[in-house]
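Report on the structure given below.
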């Protein structure tokens, strides 16, 4: 079956008051920030659909008949659950610096109560508008030059660690900076840093993590460009609007730019200082990534067939697209059961789709 979805919008404070509203044809600005629209079966915000006159969550639909909805291959690989979560993400203000554990570490940590579920949380973001992110560390020598050029004497121990190639030890110094000295440090950094450092310092005047733009690689995505973030890659989204897909997990460790607690030891154990994000180019409309939980598809003015056997979520972001008999305008979405068979997709617009990465 192909079912139209109704999706929850999350009103996190960092969200935009225009991006999602504009896409969906609603008045701008929205009454409050709209950060994410969730498309999936995640228990914290499942999509809704109607079957035989009843309003059901996608979570309920999957649980009632996993093999029909997900397909035998998905159930065999992941169990009776939709393994991905798709989102519209509208970044109006910078998100926290964060990192996600590997599957092995998540399983062990979940057994010990460190993590909320036993799953990894790799993710991919594809830009709908120009999209800015920090992801992965610069070479330590490059970071040392940038931090040293600020001329802030208090940062000399950080520069020394970076010159020695000890990125995580430099990060530890910042994370454990004495609280009574943080405001003065951030003020000194902001006075000499670039525009992004200044922006972060205004938002977080007592957080040494405002130094992140000098330690990390900056990525400027154009519409249609995508970035994959695997386990251990420190990252923060700064600005922009995009489609995001990830493993259906809630495991996250924060490293700064947040009022929330930071588990320094676990963060440093999980963070991989030499692992970099991957720029992903589409092949036959699919952004394929090195993880089985998901792949993201994108087509402009599509004329294509989606083979049956996999659970897919379709999202139109521009114009109008016909999927089977389901007509989708901008902001509208649908769930395609694995048992629906092949689906013809065509129209004048842009369509994204999520699916397990099993083919």
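Start at 1 and count along the chain as shown; that gives each residue its number.
In case you wondered, yes, glycine gets a Cβ from its N, Cα and C as well.
TrEMBL labels come from automatic prediction, so no person has curated them.
Annotated Zn(2+)-binding residues in TrEMBL are 98, 100, 235, and among 69, 123, 265, 266 the one listed with them is 123.
Cβ proximity to the Zn(2+) site centre (mean Cβ of 98, 100, 123, 235, cutoff 8 Å) flags the following additional same-chain residues: 99, 121, 229, 233, 234, 252. Using a 10 Å Cβ-Cβ cutoff, residue 235 (Zn(2+) binding site) registers 24 neighbours.
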